[in-house]
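*Asks:* Supplied in structure tokens, the structure appears directly below.
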Amino acid sequence: MVQYEVTVFTGDRLNSTTLNNVFIKLVGTDGESDRKWLVGLKGASSFVRGAVSKFKVSCSTSLGNLLLVELDKQSLPLFPEDSWFCAKVEVKSPEGNIYSFPIYRWIADSKVHRFRDGKALRVFEDNHHLGRYSRQQEIHQREEDYRWDAYAEKIPHSMKAENPSSLPYEVQFSFTKSTEFFYTASTGLTELKLKGMDNCKEKWDNIDSIDRVFCCKKTDISEYVQEHWKEDAFFGYQFLNGVNPMLIQLCTALPSNFPVTDDMVFPHGQCSLADEMKKGNIFLCDYKRLDGVKANTINGKKQYLMAPLVLLHKAPDDKLMPIAIQLKQTPSDDNPIFLPTDSEYDWLIAKIFVRSADFSEHQLNVHLLRTHLLAEVFAVSLLRNVPMVHPLYKLLKPHTRYSLHVNLLARSLLISETGSFTQFAASGGEGMFTILQRSVSSVTYSSLCMPDDIAERGLEAVPNFYYRDDGLKIWDIIHRFVQGILSYYYKTDSEVEQDSELQKWILDIFEHGFLSRAETGIPRRFTCVTELVKFVTMVIFTCSAQHAAVNYGQYDYGGWMPNTPISLQLPPPTTKGTTSEATMLATFPDVNVTVQGMATMWLLSKQSSDFVPLGQYPEEHFTEEIPRKILKDFQMELEDLSLVIKARNKRLEVPYTCMDPSEIENSVAI
């Protein structure tokens, strides 16, 4: 007889414990053990939260190299079936070899579950028939568990699920995350001391009334926004370092529908548009995707959503200053070009309409489509097509955490017929799908890759552009990490080409995420290691850093409603000189719309206590020495960058924290 020493690690999560009987079978190249009931000295506490329990499994002869373990649990007559979160199993063979089996799964039924040794294996390396069979069985089950669904026409597909409880256990919120999320959602209005105002359908009668609501919950940045929202320099700053740094681009020629003249913007003849454009000092923000979108009706009143064009000038002091705003796309006598030299409220109301348009562009294109919906596509394709033993699964699984659950909640609580966005945003309802469909046609591979995107928009040299500065550094760090990991497993381009699971992953993304549109530039198959590394870098960046950049500042920049109105209920002025503070207040959204917007932004900006920052991998999927060393180097680079960003932010009037690696979550988890 020979003995195998088995160590079982129960996860350190709430409700990880099982009181059921746990059984194991060891499977090797030369045979398999009997199914063994794991009974140890700890008795019923062997599988409580955080427990590390040791057992012995006896076999008549050596099993050879271990391939997998089979785990199952059975309930006792007096105990109901429960859910057990097993972290990993380690086995020491009679020959002294240590095998590690990463689990990191909830086992909630009495079925047999098979788990492979932690060494990553691509499909063409899996030579043993038991390994191949296990791999095929896993993929077959995953195809059943993770099915595609079309939530709406002409937008990326989602995972088919009726409600959060119908999701597989492995992608559901933890007990901690679920409790905190629903507590924040249900008490958001109370926490912001807005209870009683969420049904008030009156207009704001003065700016002080808005301040009394806002003062209930301030952050350092939201307080700064309240003090500076009217200033041109801050208006321009937000195009670079606010929640939507994705629209601004270098302007080398004025659009034909934006007839700005030198006399308008440089009345003293100090310079000309042509000269400033040659110097790279003129920038454009064009909200053409919003043109003609049907605006919502809220509280029985028609709302207004413009499609502005904004011209900005880099001043000698390096500040980005707005110099012209046209609120509709088609030039006409009743569509004036507003200028800083106009009356205070003419110019301010023009900027307010731009900020309201930016809310819709940001929420639907930049935030929902380009991070949440794409993250879901990346995750579903991974979970459908790639087994746990594959290096790509080990690399990307941490970047899918909670994404499917949070998107299901978004479809239910935000953009459904009764969702808060549908009810209270100018672009809610029919307009939302129009904007999403138009935005899909603008998504290209290069626009998702930060170095390419910055170059295409001509923003390499813009000063004080911290989103770019920090983001490019993070992109490079992620790229080095991904290159190190994937180059370890893929030595040649042909190995990439012949990996059928890898090819299924990218094909599903091409078809279900990018709707088989070749013009996006998204590959439908991988032909070389370099191409694979870039694409996986983009996936990790999108799910972590990019989402952080466009999500976590929502309350900071939108909590003070006048800076980011989610809807406006008067049309813009058609002639100059007709506006006043009373016009502005009447244009703002009603009280209930304002407070619902504040509560939603507060929820979406709130970090949970089980937040996992970029580069931290509590689940040890990689067991080989070299990948673990590459991971450690990745973490050290991120820590160094975090220190640099924190030091820089101490010198800034408005710190830019969104791209600090310690503030970036590993996945789209909120």
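We number each residue from 1, going along the chain as drawn.
Cβ atoms here come from the backbone N, Cα and C positions, even for glycine.
So TrEMBL has the following annotated:
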- 2-121: domain 'PLAT' (DOMAIN)
- ASP82: Ca(2+) binding site (BINDING)
- TRP106: site 'Essential for stabilizing binding to COTL1' (SITE)
- 121-670: domain 'Lipoxygenase' (DOMAIN)
- HIS367, HIS372, HIS547, ILE670: Fe cation binding site (BINDING)
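What's the neighbourhood like for these features in this structure?
*Replies:* For the domain 'PLAT' (2-121), the DSSP counts in helix, strand and coil order read 5 helix, 61 strand, 54 coil.
Around the Cβ of ASP82 (Ca(2+) binding site), the number of neighbouring Cβ atoms within 10 Å comes to 15.
All protein chains included, TRP106 (site 'Essential for stabilizing binding to COTL1') registers 18 other Cβ atoms within 10 Å of its own Cβ.
Less than 8 angstroms from the CB of ILE670 (Fe cation binding site) sit PHE181, TYR402, VAL406, ASN551, LEU604, LYS606, GLN607, SER608, each of them six or more residues away in the same chain.
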*Asks:* State the Cα to Cα distance, in Å, between HIS547 (Fe cation binding site) and TRP106 (site 'Essential for stabilizing binding to COTL1'), rounded to an integer.
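*Replies:* It is 27 Å, counting Cα to Cα.
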*Asks:* Applying the rule Cβ within 8 Å of the centroid of the Cβ atoms of HIS367, HIS372, HIS547, ILE670, what extra residues of the same chain belong around the Fe cation site?
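*Replies:* Result: LEU368, THR371, ALA375, VAL406, VAL550, ASN551, LEU604, VAL668.
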*Asks:* Measuring CA to CA, name the entry from the binding-site residues ASP82, HIS367, HIS372 that ends up nearest TRP106 (site 'Essential for stabilizing binding to COTL1').
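*Replies:* Nearest listed residue in space: ASP82.
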*Asks:* Between ASP82 (Ca(2+) binding site) and HIS372 (Fe cation binding site), what is the CA-CA distance rounded to a whole number of Å?
*Replies:* 32
*Asks:* Counting across all protein chains shown, how many other Cβ atoms sit within 10 Å of the Cβ of HIS367 (Fe cation binding site)?
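*Replies:* Here the count is 23.
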*Asks:* Quick one: mean pLDDT on the domain 'PLAT' (2-121)?
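*Replies:* It averages 94.
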*Asks:* Provide the number of Cβ atoms within 10 Å of the Cβ of HIS372 (Fe cation binding site), excluding the reference atom itself.
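*Replies:* Result for HIS372 (Fe cation binding site): 23 neighbouring Cβ atoms inside 10 Å.
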*Asks:* When you measure from the Cβ of HIS547 (Fe cation binding site), how many other Cβ atoms are you left with inside 10 Å?
*Replies:* 25
